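Q: When I checked Swiss-Prot for this same protein, it listed these features:
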BINDING   C140, A141, A142, P143, G144, G145, K146, E163, D194, D212  S-adenosyl-L-methionine binding site
ACT_SITE  C266  active site, nucleophile
Amino acid sequence: MVLTLLKAKPERKLAKQICKVVLDHFEKQYSKELGDAWNTVRDILTSPSCWQYAVLLNRFNYPFELEKDLHLKGYHSLLQGSLPYYPKSMKCYLSRTPHRMPSERHQTGNLKKYYLLNAASLLPVLALELRDGEKVLDLCAAPGGKSLALLQCAYPGYLHCNEYDSLRLRWLRQTLESFIPQPLVNVIKVSELDGREMGDAQPETFDKVLVDAPCSNDRSWLFSSDSQKAACRISQRRNLPLLQMELLRSAIKALRPGGLLVYSTCTLSKAENQDVISEVLNSYSNIMPVDIKEMARTCSRDFTFAPTGQECGLLVIPDKGKAWGPMYVAKLKKSWTT
């Protein structure tokens with residue numbers, strides 16, 4: 001049940017294979033939800049040779065020579081100066097072509113100079129608008145890219161990175177150790193709590209909360225190596241919105257009145273995105289949506305957004321020359337009255 005990808009070069013081994021079970025499932029769902037846009041999205045998602053990788057520079061071990069080299073290679077700075085909130089301390093570079101820098105190896109005691117990521121994953125971080133001294137919770141933090149990006153934006157008074165999965169928690173710890181200097185580690189707490197329990201454990205504690213929720217993860221699901229497991233995942237997919245809603249309820253409890261919450265996923269699924277946010281807004285009188293449409297207008301040079309069906313959020317969809325996403329982002333504010 002696997003469709004083989006065409007080789008980029010004849011002598012190379014096949015790096016990835018598309019799982020037909022997943023592709024057929026996505027075809028049925030997303031052709032309805034995205035309309036004609038799905039054709040381009042599908043072409044990008046099923047062609048890893050088209051994928052792009054952004055380079056997030058580490059301000060704690062700044063690679064000046066690498067930055068010069070990126071400029072020479074035609075990379076440009078992400079969104080610099082185009083958003084009301086874009087910290088000068090955060091430097092991320094993009095290439096219009098699908099070029100990937102080599103990953104740095106983890107070496108104990110040596111900080112890495114850069115982190116490779118899907119550029120769209122920085123939008124939830126920017127939407128959170130973290131300021132120096134604030135208490136922030138990254139509820140589902142592994143593998144750590146968004147926690148790392150938050151620390152490129154500001155010096156929080158307290159950063160709580162939580163991850164329930166023990167294997168992913170190890171990955172999170174290694175990411176933080178690889179990029180963050182020891183003095184700053186003192187303001188970071190890493191925990192292994194079920195995210196659904198965080199609100200009861202730390203009620204009204206945080207100024208800002210990021211919920212980068214477990215989701216269908218369309219890019220990786222398309223390349224599932226085991227068709228039977230993929231079919232099982234698809235059948236269990238209907239349970240994800242319930243989990244996402246429970247995580248959001250917990251996050252809202254943990255958020256102080258007046259605080260901001262950003263919800264994000266890396267799936268195109270309306271059920272896991274807009275429908276979840278709509279349910280939250282219908283369930284809480286003290287939770288209000290924050291309009292982030294301006295982000296789409298100012299980011300259109302680097303990202304393509306789904307044109308319809310995103311009343312309370314933004315959905316980045318992969319496009320030709322802008323192969324970023326999927327990434328859904330919604331921003332909420334907790335009022336002082338209940």
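One-based numbering along the chain as shown.
Cβ from N, Cα, C; glycine included.
Show me how these features fit into the structure around them.
A: Reduced to three states, the DSSP call for K146 (S-adenosyl-L-methionine binding site) is helix.
According to DSSP, C266 (active site, nucleophile) sits in a coil region rather than a helix or strand.
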Q: Among all protein chains shown, how many Cβ atoms are found within 10 Å of the Cβ of K146 (S-adenosyl-L-methionine binding site), not counting that one?
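A: Around K146 (S-adenosyl-L-methionine binding site), other Cβ atoms within 10 Å: 23.
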Q: Over the residue list C140, A141, A142, P143, G144, G145, K146, E163, D194, D212, recorded for S-adenosyl-L-methionine, what is the maximum interresidue Cα distance in Å?
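A: Maximum Cα-Cα distance: 20 Å.
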Q: Using the alpha carbons only, what distance in Å do you get between A142 (S-adenosyl-L-methionine binding site) and C266 (active site, nucleophile) once rounded?
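A: Each residue's Cα considered, A142 (S-adenosyl-L-methionine binding site) and C266 (active site, nucleophile) end up 14 Å apart.
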Q: Sequence gap of 6 or more, Cβ distance under 8 Å: name the residues on the same chain that satisfy this around G144 (S-adenosyl-L-methionine binding site), in order along the sequence.
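A: Non-local contacts for G144 (S-adenosyl-L-methionine binding site): C161, W171, L172, Q174, T175, L176.
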Q: For C266 (active site, nucleophile) and K146 (S-adenosyl-L-methionine binding site), determine the Cα separation and express it in whole Å.
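A: Counting only the Cα atoms, the answer is 13 Å.
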Q: Write out the long-range same-chain contacts of D194 (S-adenosyl-L-methionine binding site), meaning residues 6 or more apart in sequence whose Cβ is under 8 Å from its Cβ.
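A: Sequence-distant Cβ neighbours: Y164.
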